[in-house]
Structures are given as C-alpha cells and as structure tokens.
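Feature annotations, courtesy of TrEMBL:
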DOMAIN    85-509  domain 'Major facilitator superfamily (MFS) profile'
TRANSMEM  141-159  transmembrane segment
TRANSMEM  171-191  transmembrane segment
TRANSMEM  197-217  transmembrane segment
TRANSMEM  224-247  transmembrane segment
TRANSMEM  338-356  transmembrane segment
TRANSMEM  368-389  transmembrane segment
TRANSMEM  401-419  transmembrane segment
Amino acid sequence: MKFETILEDINGFGPFQILTVILMCTPRIVLPCHFLLNNFIAAVPPHHCDISTLEDGALFRNLTQEQKLTVSVPLQEDGVPKSCEMFAEPQFQLLSNSSRHNVSTVQCQSGWVYDNSTFTSTLATEWDLVCDRKSLPKTTSTIFFFGVMMGALAFGYFCDKYGRKSTLLASYIVSIVFGFSSTFANSYILFAVLRFLTGFGLTGISITSIVLSIEWVDTSHRSFIGVLTSLSWSVGNMLLAGFAFLVNDWRTLTQIVTAPLGFAVLTWWWIPESARWLLANGKVKRAQFYLDRCAKFNKRPFSSNLNAETLSTVEVLEKQEKNYSYVDLIKTPKMRRLTLLTGIVWYGVASTYYGISLNISGFGLNMYLTQFIYAAIEVPAKLMIYWFLNKSGRRMCQAGTLLLTGLCIAINIFMPTNLWQVRAVVATLGKGLSEASFTTVFLYTTELYPTVIRQNALGYTNFMSRLGVSVAPLILLLEDVWTPLPQIILCSMATVSGLVSLLLPETLNVRLPETIDDIEKPR
C-alpha cells in the first residue's frame with residue numbers, strides 16, 4: 001500500500017493541513033526580512049569629513065556651517081562635498097569664489113559626519129565603514145549567504161536523520177539566539193560572525209517548512225501549498241519595506257524582523273512530524289499517532305488503514321534502518337543525472353533572480369517604495385504560475401519562466417538607454433518571471449526526489465542556490481570590464497538552466513517517489 005492511499009482516507013487537504021501550512025507561514029515571513037535586510041542596515045548615507053578639529057581659529061568659528069564646509073571640504077563635479085577628502089588647511093579665499101585648482105587635500109583626519117535624515121544608525125555609521133572600508137557593509141551580505149549555504153547542507157542532513165519537526169525547532173532557536181545576539185555586537189567582526197550563524201539557522205526554516213508542508217498534502221494540492229508558502233516570502237518582503245520605513249536604527253530593525261520567530265517557537269508544539277518520514281524510518285507508532293490526529297481534525301471516520309499492522313506495510317523504504325547521506329544522491333545512474341540537472345537549474349534560477357533584483361533601476365522612487373514595489377510584483381507572478389503549474393505541468397513552467405526571463409534580459413541589452421520607461425517595464429516583467437521560476441523550482445524539486453533522501457536533496461539544491469546568490473553581486477561588478485557583460489552572463493545563465501530543465505521528468509499528478517528504487521526502476 002502507498003502513503004497516498006492513507007492520505008485519501010484521512011483527507012489529504014483538510015483543516016489539519018491548512019492549519020499546518022498557516023503555522024509554517026509565520027517563520028517563512030521572517031526569511032526575506034533577513035535575506036534582504038542588508039538593503040537597509042548596510043546603507044551608506046551621505047557623509048563628509050568631520051571638520052570640528054579646524055575650529056581652533058576665531059575666524060573659522062564665526063562662519064556659518066555652510067561656509068565652514070566651503071573652506072574645508074572640496075566639491076565633486078555635481079557640487080556635493082567629497083566624502084573622503086578635506087583641505088589640509090581652511091581655504092578662506094574660496095568664500096569669494098576663487099579657483100579650487102591646485103589646492104592640496106588630505107584624507108579625513110577625524111572621522112566623518114553623516115546625514116541622519118534617512119537613517120539614525122547603520123553599519124556604516126556605527127563603525128565608519130566608508131571610504132577605504134566601503135566594501136565592508138556589502139561584505140556582510142556575502143558572509144550571511146555563506147552561512148545560509150553551509151546551513152543548507154547541515155540541516156538537509158539533520159532533517160533526514162532526526163526528523164522534520166526536531167530540526168525545525170533547532171533552526172528556530174539558532175536563528176533567534178544569533179539574530180538577537182547580532183544586535184548587541186560591539187565590533188564589525190563579531191557582527192559578521194553572528195550574521196553568518198543567523199543565516200546558518202534561517203536556512204533550516206527555509207528547507208524544512210516547505211518539505212513538511214508538501215509531505216502532508218495529497219497530490220492534487222501540492223502546487224497550491226507550494227505557491228501559498230511562497231507567497232509568505234512576498235508578504236515578508238513587503239513588510240520589510242514598512243518596518244525599515246518606520247525604524248531607522250539598524251539594531252532595532254534587526255530585532256523587529258527576528259521577533260516573529262518567538263511566536264513560531266510557541267506554535268511549534270502544534271506542528272506535526274511528517275508521517276511519511278516516520279514510516280520511512282520504521283517509527284510506526286508515532287506515525288499512527290499523527291495520522292489519527294489528522295483524521296480526527298479532518299472529521300474523518302476511523303479507517304482500518306490506520307492500524308499499526310497495516311501502516312508497517314506501507315511502501316516507503318526498502319531497508320528501514322538504512323541511513324541516507326549526500327553520497328546517495330550520486331550513487332546510482334538516474335539519481336546522479338537528477339542531481340546534476342537540478343543543481344544547474346537551481347544555480348541558474350538563484351543567480352538570475354538576485355542578479356536582476358540587485359540591478360533593476362528606473363523607478364525614480366525612494367528605496368522604501370522601490371522595495372515595496374519589487375515585492376508586490378512577485379504576488380501576481382506567483383498567482384499566475386499556480387494556474388500554469390496545473391495546466392502546463394512543472395517542466396514547461398520551469399523552462400518557460402527561465403527562457404522568458406532570459407528573453408527580457410536580452411531585450412534590455414539591445415534597448416536604447418533613453419527609453420528608460422520601456423526598459424523599466426521589461427526589467428520588472430523579467431523580475432516577475434524570475435520569481436515565478438523560483439516558486440516553481442521549490443515545488444518541482446520536492447516532487448522529483450524520493451522521500452528517504454528528499455531533505456538531503458533540498459539541502460544540496462539550496463547549497464547550489466546560495467552559491468548562485470553569492471556569485472550574482474560579483475557578476476554585476478564585471479560592468480567595469482564591459483557594460484553589457486553582466487547582462488549577457490545573466491541572460492546566458494537563464495537560457496541554459498531553462499533548456500536543462502527540459503531534460504527533467506514531469507511530476508504533474510504523479511505519485512511522490514518514496515525510495516531510490518522508485519527513481520531507478522519506475523513502475
């Protein structure tokens with residue numbers, strides 16, 4: 001007997017499943033708030049050298065603030081004071097519009113003065129991460145995603161070995177402890193280490209919650225659950241814009257976006273363990289407990305399929321005591337092929353999505369409104385893909401969204417820059433399509449891999465995804481070599497990963513594989 005038969009008896013999409021998914025959405029809302037937090041906490045506000053040390057002379061003290069800046073700080077071509085230079089001595093002749101040429105300048109001697117009109121405090125203002133240290137604020141994002149990358153491998157293994165529910169609690173606690181600890185960091189290095197560990201914990205929430213949701217619902221509702229959990233990302237993305245607008249201090253903002261995980265810990269007690277995983281690991285009694293609870297919650301009568309003897313015969317694992325590892329992803333021919341193809345697709349999806357997200361411009365709006373619009377664009381993209389997933393199938397949706405994303409990037413490579421309105425619309429469409437490809441790949445991957453190694457597989461694909469995320473900012477730096485080069489690389493990635501996804505099997509209305517044999521010898 002297959003697990004789907006039991007789900008039919010107890011209702012594969014009833015109040016029990018809906019409550020489980022809702023409880024999973026709260027922690028998933030936190031994910032984008034942390035993943036994109038650097039947009040705000042690492043912002044570098046306008047700044048110039050601190051000129052207070054020049055106030056020794058009486059003449060200087062009698063000047064207005066604007067005049068003090070005129071005689072102390074050189075100007076850029078656009079008339080804004082330079083950020084990293086000052087005159088060696090006050091140049092009083094500049095008050096009479098004298099020439100600024102051949103006036104010697106020095107690096108800032110006494111720190112910087114920051115414009116606090118937008119942010120009261122950021123990483124840059126806290127530890128003076130400007131001028132020769134200006135790359136450090138952005139580096140924290142790379143360090144964070146490196147933590148996410150390592151966490152994907154670790155939690156993928158823990159989840160298959162110790163169960164979905166226990167691993168979920170561990171990831172909640174790790175994220176809360178290090179998320180709040182980072183707000184008390186008194187040095188940049190300590191903050192970077194704590195952000196790495198926060199990313200390590202958050203990725204456990206990311207991969208465990210989606211698998212636990214998918215494993216409790218029937219075949220026909222899997223895509224709905226995949227899109228619903230994905231929508232929580234967009235909600236969190238929009239909330240981040242609101243939180244950042246209301247809170248201008250980086251420490252407080254980090255605490256606010258971490259706080260919902262406290263609620264997630266309280267609701268963890270009501271989250272069921274995956275009955276699929278329990279049966280796959282020979283824990284029949286515990287599986288029976290959760291299946292009974294599901295049947296009662298969904299108001300289904302007692303089924304003979306729920307007795308221990310029947311459950312022990314459910315085909316989920318050929319050797320109940322066998323422990324699976326990442327090596328099993330490449331041990332057998334068809335698993336090896338599947339692992340290679342999904343790795344390429346995940347890498348392409350992630351680097352394209354973040355490459356576009358970090359490079360869209362042309363709205364002419366403030367950063368909070370831009371963040372909100374970028375998040376809002378994702379909602380119609382996800383609702384649209386839900387309809388197509390059930391009509392056209394997973395494979396065509398995956399390939400179609402990636403190839404159309406590549407097309408949008410290609411159009412903007414050749415589009416004249418003076419048509420910025422059209423370029424903005426095309427770039428926005430590209431972002432929506434790249435988000436749709438991300439929504440698809442999460443669902444598609446959970447359906448491609450067998451239950452016994454599904455979490456390890458998601459850990460591996462998450463690792464490939466974060467590798468793509470980490471590379472995306474480096475690709476954009478190639479603009480200095482040749483302006484269209486980053487866009488050509490992103491277009492190529494989207495196109496190649498789209499074509500590769502056509503080599504994957506279709507999973508629409510197909511029973512989830514339980515064992516590696518289901519992949520190697522499909523019936």
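Yeah, the Cβs are placed from backbone N, Cα and C, and that goes for glycine too.
In TrEMBL, annotation is done automatically, which means it is predicted and not curated.
Tertiary neighbourhood of the transmembrane segment (171-191): same-chain residues 27, 30, 34, 123, 127, 129, 136, 140, 151, 155, 197-198, 200-205, 208, 251-252, 254-255, 258, 261-262, 264-265, 268, selected by CB-CB distance under 8 Å and a gap of 6+ residues from either end. Remote same-chain residues near the transmembrane segment (224-247) are listed as 13, 17, 21, 24-25, 28-33, 36-37, 39-40, 209-210, 213-214, 217, 253, 256-257, 368-369, 371-372, 374-376, 378-379, 382-383, 385-386, 389, 438-439, 442-443, 446 (criterion: CB distance under 8 Å, separation of at least six residues from the stretch ends). Residues 329-330, 398, 402, 405-406, 409, 427, 430-431, 434-435, 437-438, 441, 445, 448-449, 457, 460-462, 464-469, 471-473, 475-476, 486, 490, 493-494, 496-498, 500-501, 503-504, 519 of the same chain lie 6+ residues outside the transmembrane segment (338-356) yet bring a C-beta within less than 8 angstroms of a C-beta in it.
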